[in-house]
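Contents: one structure, followed by commentary.
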C-alpha cells in the first residue's frame, strides 16, 4: 500500500459490508438491540446501537467470533427498492430507522440490503457476497459513546469501531502502524518534552510551556519571514466582531452553531471563527486602484470554534487556535500567477518542514451543482488552478463537484512517516464575499469604473497548533535542528566543569542558538538519560580535556560521539540550521 489511509472505493465498500456483518452479529448476541447507522470511515467502519445492556471491550472477541460464524454462510448482499410504506412497516420496531425514513425527501428512492438474517436501510454499495470478506482481515477496535445524530439532547448510543482490509497482511501492517502511532502520540511526547498541557476543566485550549512556546514562535517567525519575502503585508483584526458583520458575510446563517456568541449593551457579538471578513474590511478602507492589486493580507489569526467536546483531540482538534491565514485580492487576470506563486511558496515551506514533493497530495475541487457565477467564469477559475499546479510541478486528483459554491479550490494533504494523511494547506477562489451582495469590496479599474476583486483564501499550515501536533508525530518528537526548542544541552561530567559548561552556553547563546547548561545536582548519566527522553538532539559533554582544548564532545541523538572544537560545533550547527536540514547527524 502506498499509504495506509486507503481511499479506493473497493475498500470502502468492503468496510461498509463488514459493518453490516457486525450489526447482524450484535443483533444475534443482544436481542432487542436497536440499530442506528454504520458507515465506512477512514481506516475502517463503525456502527451505532442502543443495546439492552452495557458492553465493553471485553465483549468484542465474542462479537468477532459471531461475525466469522456469519461469514461462513457466504450469503449474498441483495439490494431491494421498497416503498416508504413498506419501509415504515419493516422497521417499525427500529425507532432510529423510522426517523431516518421519515426524514427522506418524498421523491427519494428507499433501498434496503439483505445479507444473511440481517436487513438494513441502506443506499449501498456492498460487496457481492460474504465470501468477499476475509474472515482474518478485520478486527473490532474499540467501543465509545455517541449521541444520536451528534446531538447531546438525543440518546447516547454505543458505537463499535472496527477496521477491515482485503488481506490479513494488510490488517497486520495497519495494526503495526497503530502501535507505532501510539508511541508517537503528540500528547504523550508533548508531556515528555514539557511542551504543553490541556486543563481538564478547559478542554480545547492549550497552555504552552516555555519549550513549547519556543517551538511555536520558531514556526511562526519562519512563516512570517517567508510570507514577507513573498510580498504579503501582515495585519491584525479584532478577536470579537459584531453580529451585523457576520450576517453580511453569510457566516451567521451558515456557521452560527459553531460560533461563541456574547452580548454587550444589547448587541450580539461573536468570537471570530475565521479571519476573512476582517481582511475584507481592511481592504475596503480607502479607495483602491487596479494598480494596488494584487494585495496580499496575512494574519496569524486567533480563531475560536465551538467544537463538540467529544471531537477534541490533544492539540490536533481544539477550540482556540491560530491560522497562518492570508487573503489575496486580485483581478481575474492575476489569478493564475497568484496561485502559481502560492504553490511555489507552499512547496518550499513543506520541504523545510521535512515534507518533500512526493509527500504532498493535491485535490482539485471543481464546480458544484449549486454555485454562483456563470460557466465562463468557472472555466477561467478552474483553468487558473490547473495551470498553477502544472507550473509548480504538482500532480492532482480531481474531486468533481466538491468546490465551494463561491469558487473552486485546491487542498494540500501531507503524508507523514506512518503513511497517514493530514489535510493542511488550501487555496480557494471566492467571487462571493467581495461581491455587492456580501461585503462589497471594490477597486477602480483601468477603465475608471468600479469592480469587485477576486478573493483568494489561502493557508499553508492551517492551524499552527494542529501542524505542531503533526510535526511531533511525524518525527516522533525529534525535531530538525532548526526547529528544536532546545538545540543543544551542555552536560558537565562533574561539578568542577560547571563553569566551563556555562561559558560554552554563553558563547552559543550569543550566536543565536537555543541551548541549556545542565549544572544541576544529578549524576551525568541521569542527565544524559533525561535529555534523551526529552528528545534533545545534541548533548555536549564537557570535562577536563574539553576545557583544556576549548572543545565539546558532541553526543548525537542517534548514537555515537564526536569531539569538536567549539568553533567547529558552531559551524556544524549553523550549517544544519541555515540549510533547514532534516537529519541532525
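Using the three backbone atoms N, Cα and C, a Cβ is placed for every residue, glycine included.
Pulled from Swiss-Prot:
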BINDING   276, 327, 457  Zn(2+) binding site
REGION    185-480  region 'Catalytic'
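Neighbour count (other Cβ atoms within 10 Å of the Cβ, all protein chains): 28 for residue 327 (Zn(2+) binding site). When secondary structure is read from DSSP and collapsed to three states, residue 276 (Zn(2+) binding site) falls in the helix class.
Neighbouring residues of the recorded Zn(2+) site, listed in sequence order and excluding 276, 327, 457, comprise 274, 275, 279, 280, 325, 326, 428, 430, 433, 455, 456, 458 (Cβ within 8 Å of the Cβ centroid).
Regional average pLDDT for the region 'Catalytic' (185-480) in the model is 91.
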